[in-house]
């Protein structure tokens, strides 16, 4: 594009036509140079249009140039101020919009108008804190714009973004006039947290004779996804066809419908909608299908669809990673994340939460540390509470409770939510730090943080793992009496476990009998486990009978009963239980252990020798056995029910998966490193005794996470104090 020279400017006395014809930053810069050459840079109207072009170009360079031009104007008018505020509200630096606004107020030359505040509120909605939004709300009232419909809609959006639905509703209810945007914004705000309220508001909207649009239905399908109610979802789908035309070409709507059916588990319906999309399918639609099949346990179909995608964005990768995590394939989730990094795809907060969750389940501390340092500590993300909670949970479940506590203490007091407190209390519980967990619970109460069911599950578990019976009983009684929270199955399970571990088996059984609902397998398993510990075969048989009625095909229940009978020297009965397992073709869950080395997860199965370092592991295993024997260790073979001699029984227990993982750790880890092992079953009594001795023999700290808790072995003792 060629621009005419000085003559045109003189004839028309305005460069406005050229500014309006600009298609790029480069062309606008050429116009700017012509303005300067012709001495028209004092022409405020033309400069305002040039600033507007640069500020709203969507380019960082353009916005920077508009700021430069803005700084050269002695007395900017309100249009220019609003333009600059609007530009920054859409940029990567929304806080600059507020800085400009405060400068405008401080100079006192211009007062804000009804265009200023929506731009400011949009900026506030993109910040990490709601506090600036509250301040702008006060300025709106002070300047008398609280009745402006556009501003009220922006306020509803702001409060909804931060999950402050009570304030959003107050603004909505106080509006004398409500339009489609008002209802859409409020329905979208309700969709995730109060989906039924979203549906009720939709009915109200129809009663007010306001016709829905595509954004209304997208929000409604989102609400149905949260409810996982396919009946309501189908009704909304039918309403869609009655109210809107040209649906077939609307990719946004189609993707929302697919997502709704997928989250409701109706993959055939989702597949029908997905297949009916004639044009190119959106990545959102593909991602919903991938995640839907993964949630239904069809992980192979999910991966097949993922592999077929022509283009993959961060949502697609996150869907597949989440799918692996949700089906317990945590190693595959981490492997796919590394592949995503290799493809140059930058993760978002949702990806990070999914991957940190996989690290937590695997005990992959080094991998989790890398994520924390590489993506979070360097400022790649605004550290919201959900992400912070995921980090704390990762450190706690990977055995590094001190790191979890350090992060927790570094958070401002007013940002600590119930999710955050519940996470740290749960972590302390798993590590057997019951008294510390109770202290944090009391701190939570003192800070005025709202308690929920999860808060009591966490603190009651802490009492159970630390033998704090009286404290646990008081907390359980306070749930409804003081806090108005009715105990659920999980809370009763904690109490049965707490009383049972302490030997109060009759009290535990009485509590089960008084429960307002039928006990599930968790309750009876807790009682059976306590009966095994304390040798109460009679009550154990009652618990096992109930357990087998509830879950007759779960191999772990038979093993637990068999071990209890073996501990009581009732070998014939123990063999009968094992025989019953065989007759019913019920398999015992295989025991495996994980250990991480240099960011790679190594898995070991009992007696398996397929690892690439099998020879070195076997040599170390023999050395461990020899040194244990020299220290006076005698294998505890009470739970080995096979008809073999004692020496062979000793060999069986010595090849449990956690022993092989430990041998691998002793071969490969530095002498100063803590050896961390994750086991999918409870650590057996023999391995527990052996690990205490081995920690002293090798002068190593060994941390084992089993299905119940953490065991920190050091200098010949365990953190559980043998209360497990």
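Each Cβ is built from the backbone N, Cα and C atoms, and glycine gets one as well.
A TrEMBL annotation is a machine prediction, not a hand-curated record.
Listed in TrEMBL for this protein:
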DOMAIN    632-724  domain 'DYW'
REPEAT    77-111  repeat 'PPR'
REPEAT    179-212  repeat 'PPR'
REPEAT    282-312  repeat 'PPR'
REPEAT    313-347  repeat 'PPR'
REPEAT    417-451  repeat 'PPR'
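Same-chain residues lying 6+ beyond the ends of the repeat 'PPR' (313-347) with a Cβ under 8 Å from its Cβ atoms: 283-284, 286-288, 290-291, 293-295, 297, 299, 302-303, 306, 354-355, 357-359, 361-362, 364, 367, 375, 380, 601, 603. For the repeat 'PPR' (179-212), the list of distant contacts is 149, 152-153, 156-157, 159-161, 163, 165, 168-169, 172, 219-220, 222-224, 226-227, 232, 243-244: same-chain residues at least six beyond its ends, Cβ to Cβ under 8 Å. Along the repeat 'PPR' (282-312), the predicted structure has mean pLDDT 90.
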